[in-house]
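Per TrEMBL, the features are as follows:
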type	residues	note
ACT_SITE	HIS247	active site, proton acceptor
BINDING	GLY15, ALA16, SER17, GLY18, ASP19, LEU20, THR21, ARG22, ARG49, LYS155	NADP(+) binding site
BINDING	HIS185, LYS189, GLU223, ASP242, LYS347, LYS352	substrate binding site
DOMAIN	12-194	domain 'Glucose-6-phosphate dehydrogenase NAD-binding'
DOMAIN	196-495	domain 'Glucose-6-phosphate dehydrogenase C-terminal'
Amino acid sequence: MSTRDIEPVVFVIFGASGDLTRRKLIPAIYDLFKCKLLPENFALLGVSRSKLSDDDFRQKAFLNNELFDISEEPAETVEAFAKLLFYQPIDTNSSDDYAKVKSRLDQLDGEFKTAGNFVFYLSTPPVLYDKIPAFLSAHGLNRCEGSFRRLVIEKPFGYDSQSARELNKSLTEYFPEDEIYRIDHYLGKETVQNLLVTRFANSVFEPLWNRNYIQHVQITSAEPIGVGNRGGYYDESGALRDMLQNHLMQIVAHIAMEPPISPSAEAIRAEKSKLFQSLRPIAESEVAKYCIRGQYMASKMRGEMVKGYREEEGVPSESKTETYAAVKFFIDNWRWSGVPFYIRTGKRLPTKVTEVAITFDRPPHKIFRTDQDLHLAHNQLVMRIQPDEGLLLSFGMKVPGEGFDVKNVGMDFHYSDLAEADVPEAYERLLLDCIKGDPTLYAHGDSVEYSWKFVEPILKAWKNDDSIPVYGYPAGSWGPELADDLIEPAEITWRNPCRKLTEDTSFCEL
């Protein structure tokens, strides 16, 4: 699609003086502009409480943005983009102030000939997610015959099932569901999108993608950093809400959904919705059996002493909020009946990595009766989402020499091998899709509610049942040792990956 095929638009960012705008949104939109992917008629309006002029905003968000280095960018490109940036200060809690937004949009719409098309991006605290749409509606900015009006919101999409339902009800009161874009930057990652292509574009994989051949599925999302100065915020959230309920459940959907009838947003979202409805609920009484939670403790990490979670700024000394969560669950449908899925996520783990590991069953009859046969590893397909993005397939090969000794070897592909490939940053792809009106990579309201419904019994049990322990784990380790007990049979363990995608994980960051 060329820029001439994309309808003109004014892109409005609420919370434009904040960190996300300077760190992610402006850099992503600039890259789209530089690559000539934006519509020819385009303008950006920043809206926030800060008292800034147009020029102040251009300097802060773009020209002198310490989070985005443009020193080597072509001067004429930088100058041309800066001229598209505008700013309107308002009190976002005051409905009357939105008259200023309407006036400014009318002006920009006429100047840039954007045909009344607006995208409203809420880079704001979630408490404003129901207020801003109501205020936009009060001034007639939510709908316009013959034009599109789209609303983009960042996670969290609620705090539990009830708040998610209430948020969806509030949003759809002012904007139709097909104009609401719930952004999850994980879905914008090229490698997450490639999960679907790997499955459905290759006949070597899809016939094996079921309970007859797959023993279990592991999903790991680890990061070495702690909560930093976000202790107060994080303590109200925790790993389950922060990562598993949204990002990782979307990855589960890509791995486990049925083939869509087409790559359209409607078809893919429909299959995701069916998948989420097939998740076997974990009763509160079963949480201790299927779920492990933990907190990182003070320890040396790469030679440096780091604080424990309860010692972090803003964290209560008796906090039970988890910085690590591991969950075992099942999907009750024809394809996945009886196949366990294991998800874990945590902070202060050894390295930053997100990957999916599909472990296949061993052959039903063992032909090669050697000592090594007792320890022969399962075939495994590893789909690395970040970093060192790529695929790794491990399988058995004969060791040269007499006899039939078998050794596991790896066959791999790395995105970095594609020297000509320009992998777009997640926000670039997602923002462009929103401007184009393609919601494929955005979360649907139904899916959000279903995923909250799945994790809510876990959250309730962890909150109300004092007998469920919070296990400590040393910073720099792979989490509580008891998390290994989730995986069955006993000889199967978590795959503890390196930063580099490799079959041998014996020697890496550890």
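Cβ atoms are placed via backbone N, Cα and C, with glycine included.
Location within the structure of each feature annotated in TrEMBL.
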| residue | record | CB count, 10 Å |
| --- | --- | --- |
| GLY15 | NADP(+) binding site | 23 |
| SER17 | NADP(+) binding site | 21 |
| ASP19 | NADP(+) binding site | 10 |
| THR21 | NADP(+) binding site | 26 |
| ARG49 | NADP(+) binding site | 14 |
| HIS185 | substrate binding site | 17 |
| LYS189 | substrate binding site | 24 |
| ASP242 | substrate binding site | 23 |
| LYS347 | substrate binding site | 23 |
| LYS352 | substrate binding site | 14 |
Inter-residue C-alpha distance, LYS347 (substrate binding site) and the residue listed as 'active site, proton acceptor' (nearest angstrom): 15
Other CB atoms, at most 10 A from the CB of GLU223 (substrate binding site): 16
Three-class DSSP secondary structure - LYS189 (substrate binding site): coil
Rounded Cα-Cα span from GLU223 (substrate binding site) to HIS247 (active site, proton acceptor), Å: 14
Inter-residue Cα distance where the pair is THR21 (NADP(+) binding site) and LYS189 (substrate binding site), in Å: 19
Pairwise CA distance, HIS185 (substrate binding site) versus THR21 (NADP(+) binding site), rounded so that it is a whole Å: 14
Between LYS352 (substrate binding site) and THR21 (NADP(+) binding site), the C-alpha gap once rounded to whole angstrom: 24
Secondary structure at THR21 (NADP(+) binding site), reduced by DSSP to three states: helix
